């Protein structure tokens, strides 16, 4: 992450997100309470979790639309296994493993069969969601041990319990992306596959493991989702993939790959969550919130382009066209 | 190639063009599915059940054809489900408040709303320089939010709608329901436009290589506007058909439909990364998906398998597509003058 990037979109989105939090605390009744902060964290948890590996995937120039369905299938399997009498301590790691396996299916199609990830994950999105319904039908499995559900929804000393694993994962993903060879390989693969290959990056292997990671995190999100609502359902998390992609793009990650940073994405998630929470507390309907989500997404990508165009116009017509010979007057 | 090329006999040409068409697989699959289902339960071929399949497939077809036009240019339109909802609710309110509205006017109004939505998408893509995936993901939310804000929790029920409007679902010409006629007209028009007209060829060129198309002097900006406007218009038209067929419209009409539409196009052989596919292939894809949906209960297979099958079909379809492309590339490398 270069200094220039930090001063650009990422800094802007972080400032906007913090401003949104500050303004909401002052202007919206009940927003600044610990109680609401706890809800905010719980509401943001699945989006924030899924956004972490999604950032990696999108920076490499791919996409994973199957994450919400992976969440749903793990939730359904968790319910079925719990119904079958397995202890929850055994089921939870199994679910994360299942998520990783589902991710491996995506990775296999994308890297070994070299199919476009958009099409592959639209396919597995339907496939995994369908399997979730095959496993559980439209019934729900409830009654998990109170110690587990209580831990997920509870807090200690005013700090929500789930914040700990979320923060640990966020730090781990940020460090890997911005301070390790893996992170550099991710950017290299996104900036240009061939160039990355020639400089020794094993692009396919990298992408495969990113999909496995994405699946594993979605599996974990499935476990937490189930415990939070004490309900395993096949339609858990339906439609969440779009919110996750929206948050990642809002955070400044380019859909073309090669660009983006984790702090921006986390700020994007926070901004999305804050606005939704604040508007909901101000009695704006859930439905009107979808306009905000959509509008934010378009504006966030549109704005930098328009700013760039405006700067270019001010710089003079000669530089307005890329590739045009620049003549300095 | 300067090697001697055998002249193609006309017979050879149409036969090989049929056997080589990507769409052949879908036709075979569809015929097999219908045969198996009908042999399990002949009532599957009853007039009522065929009618249900065709009516369902008609609406999906209209949207899938629109999607095809956009996807061929290497774009995507994810907002179609929301445009369908917006148009269905708007036109539903229109005919409820003005019972005298002719059906043709209602269809036009729906298409008009769709064009407006499509043009907004196109302007953001074209002048904003934002990728279509992002723009239409955003407008998917925005248009849906618009319907929800407008409709609230309310809904338009069949008994509020004039009988003349709803009769459009039952009526038809020569026993073919109007909805099917609309779908056939849309599919035929788009197929001919894409195959035989300059605009159509330009859309394929843009999808195959956007940069080359621009250098070749193709007006890519104008064509992008046209493609999104077409997809929007057809989604809007689909909204009116939805209102006609179901009679009840609420703010959630068409939620999540965009993925079924993309699935129909992909299963129908339209490549997600542009440059290839046909409108009638997408229509076949829509017919196949709808037929699967109604064949499952007849075959006593749990309805819950439907989405699983759709997902598997998409993966098979794009896999086969890749296989064909690889074989073609290999044949070209071997120096064969014709790709078989």
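Think of each number as a place in line: the chain as shown, counted from 1.
Cβ coordinates are placed from backbone N, Cα and C, and glycine is handled just like the others.
What TrEMBL says about this protein:
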TRANSMEM  A:7-27  transmembrane segment
TRANSMEM  A:39-58  transmembrane segment
TRANSMEM  A:91-115  transmembrane segment
TRANSMEM  A:122-142  transmembrane segment
TRANSMEM  A:162-187  transmembrane segment
TRANSMEM  A:208-227  transmembrane segment
TRANSMEM  A:239-257  transmembrane segment
TRANSMEM  A:264-282  transmembrane segment
TRANSMEM  A:288-307  transmembrane segment
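Contact between the transmembrane segment (A:208-227) and the transmembrane segment (A:7-27) does not hold: fewer than three of their C-beta pairs are under 8 Å, each pair 6 or more apart in sequence. The transmembrane segment (A:39-58) and the transmembrane segment (A:122-142) are not in contact, since fewer than 3 Cβ pairs between them lie under 8 Å (pairs 6 or more apart in sequence). Taking every recorded stretch in A:91-115, A:162-187, A:239-257, A:288-307 and counting its Cβ pairs under 8 Å to the transmembrane segment (A:264-282), the highest total belongs to A:239-257. Within the chain carrying the transmembrane segment (A:162-187), a Cβ under 8 angstroms from the stretch's Cβ atoms is held by residues 1, 41-42, 45, 48-49, 52-53, 55-56, 59-60, 152, 196, 201, 203, 206, 210, 217, 224, 258, 261-263, 266, all 6 or more beyond its ends.
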